[in-house]
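Notes for the one structure printed next.
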Amino acid sequence: MTVDTLARLCTAVRGKVLVNEPLAGHTSLKVGGPADYFAIPADLADLEELIKVVRSLSLPYFIIGGGFNVLVGDGGFRGVAISLKELNGMESPSRGRIRAEAGATNQQLVNYATGKELTGLEFLSCIPGTIGGALSVNAGAHGQSTMEQVETLITMRDGRIFENEGRKRNFGYRYLELEPGEIVVAAVFSLSEGKAEAIGEKLESYRRHRLESQKIGYPNAGSFFKNPEGQQAWRLIDEAGFRGFQVGGAQVSEIHTNFLVNRGGASAADFITLAGMIKQKVLERSGILLQEEVRILDEYEQK
């Protein structure tokens with residue numbers, strides 16, 4: 001960190017720039033060391049200018065939304081963590097369409113769509129975090145995925161905005177192909193008209209299901225591993241004997257074995273060690289190598 005670097009960042013951003021900001025307070029697992037710089041751009045134009053300056057300074061950076069799909073190492077991040085929480089606008093440019101910025105939460109989008117009696121996004125009520133995060137990994141639930149509902153995907157690369165038809169992007173299970181440095185900043189969703197009562201019933205059904213199967217009670221990142229094709233990660237983990245297993249403050253949930261939880265005082269190293277043990281044992285038993293759904297970010301990784 002240098003005074004000149006901080007001055008350049010502060011000049012570039014109309015929002016906030018924090019120094020040595022602990023990332024544990026910005027992630028759902030409540031672990032992670034400090035980022036050298038934590039920038040909160042005020043809007044999309046602010047983000048464009050920030051990215052240009054960060055790149056000109058050759059600083060590593062990463063985007064953080066709701067912090068639900070990331071595990072930051074205990075050493076923190078030697079670069080700039082960029083929060084999109086102020087990029088949270090939503091509008092309906094025409095009937096059946098909603099444009100949502102990446103920093104809006106999934107629940108805010110569901111509420112907005114419900115208020116306009118538009119259906120197709122109810123499943124997002126089951127997924128914590130932000131629209132940007134859901135799009136970046138093509139998050140899904142109940143047989144639906146986020147990108148399937150996208151008419152236009154709006155991204156930023158090298159400080160420039162690009163718009164693409166959603167159906168022309170390469171995406172699949174928990175995956176959206178993005179170019180190096182490409183950031184999802186917004187999307188236009190194409191939805192169907194629905195009845196308020198039917199939408200409400202579906203939301204209530206999803207809420208009950210989540211309470212019954214995922215009432216975890218401790219900080220977590222949601223599903224830690226992707227489901228292998230034709231398999232369920234939780235079952236493989238359970239059959240390997242990890243239900244309730246604990247390393248330091250990190251534990252495999254006794255309620256849902258694909259959730260790793262912070263029972264208090266956990267370190268990022270605890271989670272990384274536990275995840276490694278799970279992967280090794282499952283591989284030995286089943287021949288299947290589990291892949292993390294959670295992004296593990298160490299202090300030297302560059303975006």
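A Cβ is built for glycine as well, from the same backbone N, Cα and C atoms used for every other residue.
As annotated by Swiss-Prot, domain 'FAD-binding PCMH-type' applies to 30-194, with the evidence given as sequence analysis. According to Swiss-Prot, the feature active site maps to R174, E293. Per Swiss-Prot, active site, proton donor is recorded for S223.
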Practice task
Calculate the distance in Å between the alpha carbons (Cα) of E293 (active site) and R174 (active site), and round it to a whole number.
Solution key: 8
Exercise for the section: Compute the C-alpha separation of S223 (active site, proton donor) from R174 (active site), stating it in Å without decimals. Expected result: 11
Completion exercise
Reading the DSSP string in three states, the entry for S223 (active site, proton donor) is strand
Exercise for the section: Across all the protein chains here, work out how many other Cβ atoms are within 10 Å of the Cβ of R174 (active site). Expected result: 16
Completion exercise
Model confidence for the domain 'FAD-binding PCMH-type' (30-194), as mean pLDDT, reads 94
